[in-house]
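Q: Just passing along the structure, written as structure tokens.
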Amino acid sequence: MKTFLGKKLWMASLAVALAAGSFAALPEMTSAAPSEPYTWKNVVTGAGGGFVPGIIFNESEKDLIYARTDIGGAYRWNPANESWIPLTDFVGWDDWNKNGVDALATDPVDPDRVYLAVGTYTNSWDKNNGAILRSTDRGDTWQTTTLPFKVGGNMPGRSMGERLVVDPNDNRILYFGARSGNGLWRSSDYGATWSKVTSFPNPGTYVQDPANEYGSDIVGLAWITFDKSSGQVGQATQTIYVGVADTAQSIYRSTDGGATWTAVPGQPTGYLPHHGVLDADGSLYITYSNGVGPYDGTKGDVWKLNTSTGAWTNISPIPSSSADNYFGYGGLAVDAQEPGTLMVATLNSWWPDAILFRSKDGGTTWTRIWEFDGYPNRKFRYTQNISAAPWLTFGTTPAPPEVSPKLGWMIGDLEIDPFDSDRMMYGTGATIYGTNNLTNWDNNEKIDISVMAKGVEEMAVLDLVSPPSGAHLVSGLGDVNGFRHDDLDQPPAKMFSSPNYASTESLDFAELNPSTMVRVGKADYAADPNAKSIGLSSDGGTNWYKANAEPAGTAGGGTVAISSDGSKLVWSTSDKGVHYSSTGGNSWTASTGIPAQAKVISDRVNPNKFYGFAAGKIYVSVNGGVSFSQTAAAGLPVDGNADLDAVPGVEGELWFAGGNEDGGPYGLWHSTDSGASFAKLSNVEEADSIGFGKAAPGRNSAALYAVAQIDGTRGFFRSDDGGASWVRINDDAHQYARVTTITGDPRIYGRVYLGTNGRGILYADPVGGNNGGETPPVSHSGISPQSTEFDLNADRQADIPVALTLNGNTLASIRNGNHVLVQGSDYTMSGSQVFLSKTYLATLSKGVQSLVFRFSAGNDATLSITVKDTTQVPLPEGSIRIEMYNGTTSATANSINPKFKLTNTGTAPLQLADVNIRYYYTIDGEKPLNFFCDWATAGSANVTGTFSALPAAVNGADHVLEIGFTASAGTLAAGQSTEVQVRFSKTDWTNFTQTDDYSFAASSTAYENWSKVTGYVSGTLQWGIEP
């Protein structure tokens, strides 16, 4: 996850001496604003949502496992509930860079000791030097030693490793391999002080991209490995190997405890060593790539060094000399229980998927986790269960040979449990995957891969809203788009899609019509020239559709606002200035009187009023964004952070938080006259984000929530009296580094939501507090997930695990209608987890099935299972086949968007102009209709749509959409397919009820043969059944 903090960063004065800073990580809070205890929890997404570059198993204690992230800190595995515990939430605003973890070492002699090398960037983005954090209680508390150079937890090569290691014979000794040409460093007092190993000859030469500031630094040392057999307990290990990011001489060895070093003779050259692992039999395995990762890598090899003879052997599953090698090698794991058993991962095989390779004979022969079985078909050695985070499909339905979800990408680290040959974990750009039956691979049985990231929440949050109805929270996120959070403690079933882009940069809802929402990001126009960077929702963020138009030539992004009644949009693009639309995004016109890249918001009462902020100036529009005028407001920050927000329910009331630490105004300002003037609050020294929530009992004004510094203390604060007084609502154990956004909840007094840059979304409530009228939630039992899928295809069937949160109750039964499932045959239990048998699931009918979990007390919980069948269906008679699914499957929607795949099953070319596809539906209120072709293989301009009423209404249909092609669409060769994605709506955008439509495919999420649409060639029915 490469996330640049686009804000001026605080620079604390850091000593460059090597002596340790002997202070606890959680100092006592100084006298400041009064505090109120809050309970803090992550909003659950279930997968993490960011890059996990390192997973580290302790070699001497089972189940002691750590994970490090690039911007979200470090975690420790909790075997009791198979989740991860965050260890660095104490990191605050000023020392935010400590959440970038470039290396982690767990002590193999004293398992209570653990060390982190922290620092986020080695360039100008990070003013702070790096540090070594050390703990004697497994990361519960930390002490810090500041280093005289920077550390790059979010820099290129961050999944190399580990750069920080503990001597397995004398655990007082640690080594750290630095970046930026700073070489090798050594500590002999448990990491308290450090000195440079001046005899080490090569600090590294490789630079990823000299022309780019982010990639222009020397990557440096990549990993360090001890040969434990060369030492004895209590004395320094004598033989040490170091991998360096250098394409000439990259592997160095010391045989005298680090006093002298030489390059290992005969070593391969030309590539960069990603990992080096020494097996118990004396074999040193090394993965190489022509890039340092995590995104690059187009060639690579795997080598083995016989450390006894000095012989090097190229053991690559697919060597770099092969035309089939289009990737490097990254992740490397050696089975401590079985010498000679190892695995490697591609870095990166983006298409059709990553590849894991496994060898049982030291790399002489390999098997791979998937292989082609008659292109485009693939044969899989695995099943994949994403029920813990169903959104990991990323909303895609790719055509073979691709599948969704994927095994992953950016697999720079892969580990086999040293105590359990069946357990393997690996990190990806989005989550941690793993298996508990790895050795099935060796018996030609499938391994079961599932998400193993419970507790990891690593997303970078760009925007949050809490509407007065619908879901309590909707998020805009970096890299994973965003979610509607219907249950804060359960993973969302899907991410935003249609439009689907990596990051939602800005999000808004209509205050007086909260189900109407808008979001913007940056679409991939290269992949889809018809893409749009703006999405709209009419159901509170459950479903989205792209606008029909956008400002000409824009790359998207920026900020967006919607009027209080939902009738008008104002979009400040990242590149083409500010534009407005009064046609629901069907057309856009440039606004006047406001500079490009201004931040825009809407008044929460007056539907014609919008505001903008740029370079210390406030702009207001009273005509729906058509024109803006600069107000007389003065004294606001010219640069730095800027958060302008309008108060719900009060026209013209604004708050502004912003400024920076480098000088100039910084703090919190208030306006009650639509931005004509602002008053600065004297009791707030610094502020970076402001939000609003339900008023306190007995109060009329909204509760205020701020990310701020008050009375010399940084934290999160609440004011119930319009900013006259503040209480701190976090403590020093819950700081979460840099917080990007804050908001309250308009329905729950005291509730606050935080968006962070790498620790996901947090929410909190007062401990034992009064929520101001909303009934506190009753503690019931629950299940996770609440929705999942099962494929009747025999090759893809797998048991479904369901985690129970019992809360003191017991499971009484599981029911499917009147049928009570039988434990032992229909399902099994292990602790608080249920495993639904694939044998039972295979008896279910296609469609949505509901299993009701009944407990000894409290409410039932329902698991919704979408049963599908991707088994090849015998084709009906005819020269064409039509597959279809609906892009929007909600019961009601203001647009219907079927997606078709048309295949020529005949033996001769087919003129597309002769083909007609019909979709049958009910009009649900006669109105004129609009037709849109969102995308088509043959070109959207070559697709036509015609509406007509049926001669007589039939069951499920009174109207039909006929889709045709122009002569310019050309021909479709025998055996080939073409795709058409269309959408239609009423001109007034009133809703259709889809559930009773003949052609509606309620449960399909990917292309399936669908007989309820019909296809004609030259007027003759060739596919489907007419209603």
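Glycine is no exception: its Cβ is also placed from the backbone N, Cα and C atoms.
Per Swiss-Prot, the features are:
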type	residues	note
ACT_SITE	ASP70	active site, nucleophile
ACT_SITE	ASP479	active site, proton donor
DOMAIN	876-1027	domain 'CBM3'
REPEAT	134-143	repeat 'BNR 1'
REPEAT	185-196	repeat 'BNR 2'
REPEAT	252-262	repeat 'BNR 3'
REPEAT	357-367	repeat 'BNR 4'
REPEAT	537-545	repeat 'BNR 5'
REPEAT	717-727	repeat 'BNR 6'
SIGNAL	1-32	signal peptide
Q: Using DSSP with the three-state reduction, classify the residue listed as 'active site, nucleophile' as helix, strand or coil.
A: coil
Q: For the repeat 'BNR 6' (717-727), what's the model's average pLDDT?
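A: Mean pLDDT for the repeat 'BNR 6' (717-727): 98.
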Q: Fewest neighbouring Cβ atoms within 10 Å: which of the active-site residues ASP70, ASP479?
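A: ASP479, out of the active-site residues ASP70, ASP479, has the fewest neighbouring Cβ atoms within 10 Å.
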Q: For the repeat 'BNR 5' (537-545), find every same-chain residue at least 6 residues outside the stretch whose CB is under 8 Å from a CB in it, and list them.
A: 467, 469-471, 474, 484, 496-499, 509, 514-519, 887-890, 892-895, 897, 983, 989, 991
Q: Which whole-number value in Å describes the distance between the Cα atoms of ASP479 (active site, proton donor) and ASP70 (active site, nucleophile)?
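A: Computed Cα spacing between ASP479 (active site, proton donor) and ASP70 (active site, nucleophile) is 14 Å.
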Q: Please work out the helix, strand and coil residue numbers for the repeat 'BNR 5' (537-545) from the DSSP assignment.
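A: Grouping H, G, I as helix and E, B as strand yields 0 helix, 2 strand, 7 coil.
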Q: With DSSP assignments reduced to helix, strand and coil, which class does ASP479 (active site, proton donor) get?
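A: Going by the DSSP assignment, ASP479 (active site, proton donor) belongs to neither helix nor strand, so it counts as coil.
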Q: For the repeat 'BNR 3' (252-262), what are the DSSP-based totals of helix, strand and coil residues?
A: 0 helix, 4 strand, 7 coil
